[in-house]
Amino acid sequence: MDGFHYRWLVGYGGYSYLVEPLWWIGMISMIVGEIANFAAYAFAPAILVTPLGALSIIISAALAHSILQEKLHTFGILGCVLCVVGSITIALHAPQERDIDSVREVWDLATEPAFLSYATIVVVAALVLIYFVVPQHGQTNIMVYIGVCSLLGSLTVMSVKALGIALKLTFSGVNQLFYPQTWAFALIVATCVSTQINYLNKALDTFNTAVVSPIYYVMFTSLTIIASVIMFKDWDRQNPTQIVTEMCGFVTILSGTFLLHKTKDMNDSTGPTLSTRRSKHASQTAFAIEVLPLKYQDCVDDETLPLSLPKADNHYLMQELPLRYKDLNIA
């Protein structure tokens, strides 16, 4: 394989990561974490569990800074702090878990018109992105890959919660494995998770890790909260004060991720920038040209200047110099 095609596979969303041991270590670690996350969905509402994933932003940014040498500056740290504050706010005001005695109850909630409409919109949007947008803009627009992962991720969380409830009831002595709804949710989880892993790895392989993680978190969490509110009607059991507080916590998380994203390329150095030094040097050079006697005007050109000035400025100076020296009566 020549260097060009290898670079295409590595840097533009290929599958070369499958032969990397470090990728498998990371994937296994992620699977272990998702198993623990899976268990959490069985005992707590999704609107509580999902925002706590803000901790992954801090860990991802720290690892990207130390291992991948991706700069994490002061504003990035502040963004991570805001994510943690928002997550704590949501955790303290989250709704109570709904009592469910059978996986068939979850299926009834999932087949209500409101959630079916949401699921249809999500599936259609994901298919449009996969078959029409990804081939054209997947390698240049970070939102394409993350959009696919986030859309399907909201359905994954709802299915994972249903499957977790089924397993929890089964382990407690009420067998749910003979219900076809349990296996239907398991099939949805397998399909959505495999698709998410594929496009998330493409996003991480193509774009900056410190940027992918917070954007994915914001979109994934937003859609998951919307799906949970529609399907499980979490806000029906809360008063307006709790809902507003949760929204404020979520806006705090959004502010942190926005700050982390928008200032990712900011330089912490306090010295004068290159553009400032050039502007200062240019102004000094222009002053030197202005005080030259008229007879030396023809000797001044772009090649003799330490720093070339824009042609428009040189033309302006050359037109103005005779008038100024004429006024001063300089021979």
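Backbone N, Cα and C define each Cβ position, glycine as well.
Any TrEMBL annotation is an automated prediction that lacks curation.
Remember, predicted model here, so these are calculated numbers, not experimental data.
The transmembrane segment feature in TrEMBL is assigned to 12-32, 38-63, 75-95, 115-134, 143-166, 178-199, 211-231, 243-260.
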For the transmembrane segment (143-166), could you work out the same-chain residues 6 or more beyond its ends whose Cβ comes under 8 Å from its Cβ atoms? 13, 38-39, 41-42, 46, 50, 100, 103, 106-107, 110, 119, 122-123, 125-126, 129-130, 133-134, 137, 176-177, 179, 181-182, 185-186, 188-189, 192-193, 195-196, 199-200, 202-203, 206, 212, 215-216, 219-220, 222-224, 226-228, 231-232
Short question: most Cβ pairs under 8 Å with the transmembrane segment (115-134), which of 12-32, 38-63, 178-199, 211-231, 243-260? 211-231
Leading stretch by Cβ pairs under 8 Å, where the reference is the transmembrane segment (75-95) and the options are 12-32, 38-63, 178-199, 211-231, 243-260: 243-260
